[in-house]
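J.: Mind looking over this structure? Questions follow.
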Amino acid sequence: MVKGLLTAGLFSAMLGGVECVYADGPPFNFAPFSTSNSQAPGGPGGVGDKEKGVESEEKANRARNEHPRTTSAGFDPEALERGAKALKEINKSSYAKQVFESMKKQEETRQKEFIAKQAEYKAVQAQAETEKQKVLYDEQKKLVQQQAQIKSQMARYEDELARKRMQAENEHHRTRNQELVKMQEESSIRQEQARRATEEQIQAQRRQTEREKAEIERETIRVRSMAEAEGRAHEAKLAEDVNRRMLVERASAEREKWVAAINTTFDHIGGGLRAILTDQNKLVVAVGGVTALAAGIYTTREGAKVIWSYVDRILGQPSLVRESTIGKFPWSGSSRRFSTLLRGGSTGSTSKNGNGFGDVILHPSLQKRIQQLARGTANTKSHMAPYRNMLFYGPPGTGKTMAARELARKSGLDYALMTGGDVAPLGSQAVTKIHQLFDWAKKSNRGLLLFIDEADAFLCERNKTYMSEAQRSALNALLFRTGDQSRDIVLALATNRPGDLDSAVADRIDEVLEFPLPGEDERFKLLKLYLDKYIAQAGARKGGFFSNLFMKEQQKIEIKGMADEILKEAAAKTDGFSGREIAKLMAGVQATVYGSENCVLDPNLFREVIDYKVVEHQQRRNMAVKSA
């Protein structure tokens, strides 16, 4: 134990001076490596002085190394020597025990300090660990906040993506709906085209049927005439023998006379030919005359053809005009007016219904409006002011064409009718025909009302996909000719679909008239008018002498009990009928009466036909709705 303490004291002495505290004396300063003259506690001349002398003596006797760092081992033994010397001094000193105790206490104090420092280090380490945990907690908290922020950003991003996806889906649905609407419009256009084609085919078949019916009627009349002629020939056959003998004798006399004349002629011709052939001058004159005669005949024929074609092109009626009060050539109109005067009547005489408007039965307000337009057009003509163009629209068979004809008659204008369906088949010639039509119309001295029926057939919107280039050019030609107000032509358009007209055409229109389906009062007047026309006057003849001579007298229809109440009842049942359908209805009544045994029209037969026609009309309407 003493050795351990000595070793510890040696190392302590090597590190520096040691301050020793004794329990029963003053502190003792020990500087083992100091060479200064420090006085020991024992006073002068004690152990310190002796040690000092020994040390100085040893130093004097020992060979010093002036360069201790330059040794081979690199170790300075001086400090170790001083420590050993100090130990020796301590062992020799009487305070060695106190020194060791002091050193022991110092060591224990140092150990305690070390333990305290160790505890302090542990506390610092614990505090550092706490700080570290706090930092980790803060970092984890920040991480959680960042994760929450990232999640919220992700949620916002996903929400934005969802909104964009919904917008894209909505845009896709909108585009698809637009495409569906476009497809539906195209489908409706195709259906409308098919419907129009079907209607045109039906109209063509109907016209063909009417032509065949007229042909059959003409053939019947011809056969009847032949039968009557055969009857009269049979009656005249009784005197055939006498007439034959007379004819034979007369023919014999005539034959002998003609034979003698022929012989004489050939004799003269033979003599002339012999004279011509024998005389060269006569032969040349004869050949030249024949040649000149042939050339004159050929030139006259070809010149007549050229002149006639020129007259036909300049003065003739255009091919687009279906009906006109103007003759096809200038002299034909005058001859027609002269024949009308000889018959003692006018083409526009008032009808028996007393309305002063022909056979047209319209609503009172519409009829008053047309009469005002007729008076205004007539006054416009007398004052040389520009005419106003008109548009008639409404369902088929409501009297648009008849009203235009009567409007032209009352205003003192010539009348010409054309249909829009005639323009499309002309193709590239349509523009030329349109210009020819307007040039011809300007030649009327009285002014012309040009009525275009079914105007939407070639005056429809120019952006239609099914409109051909020829139709577009024809429309542009008409727009060019009607760009300014005219003092020669009144343009009247009729259509069932006014919405299909081109906007430029609608801009040319000054007066628009709607022709609705007739009301109950108008239907009653129409029934009464066509009852008189198709039933009461059915057997009346209007032909000439030869037709009255060869045609068999028609059977009269007997009317029984057809009072106005029956017609009013029929007018109430025929709601929705147009004027044309009422005319066909009365024509059907006429056919039914002719098919009966006694050719008598009574209320029961009339009601039966009316009920049948009403059901047929309803079926047609249902079929039209289904096809639409």
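Just so it is clear, glycine is given a Cβ too, placed from its N, Cα and C backbone atoms.
Checked TrEMBL, it gives:
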type: SIGNAL; residues: 1-20; note: signal peptide
type: REGION; residues: 33-79; note: region 'Disordered'
type: COMPBIAS; residues: 48-69; note: compositional bias 'Basic and acidic residues'
type: REGION; residues: 165-216; note: region 'Disordered'
type: COMPBIAS; residues: 165-199; note: compositional bias 'Basic and acidic residues'
type: COMPBIAS; residues: 207-216; note: compositional bias 'Basic and acidic residues'
type: DOMAIN; residues: 386-519; note: domain 'AAA+ ATPase'
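A description of the local structural setting of each listed feature is requested, covering burial, neighbours and distances.
T.: Applying DSSP to the region 'Disordered' (165-216) sorts its residues as follows: 52 helix, 0 strand, 0 coil.
Model confidence over the domain 'AAA+ ATPase' (386-519) is summarised by a mean pLDDT of 89.
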J.: Using DSSP, tally how many residues of the domain 'AAA+ ATPase' (386-519) sit in helix, strand and coil.
T.: 58 helix, 29 strand, 47 coil
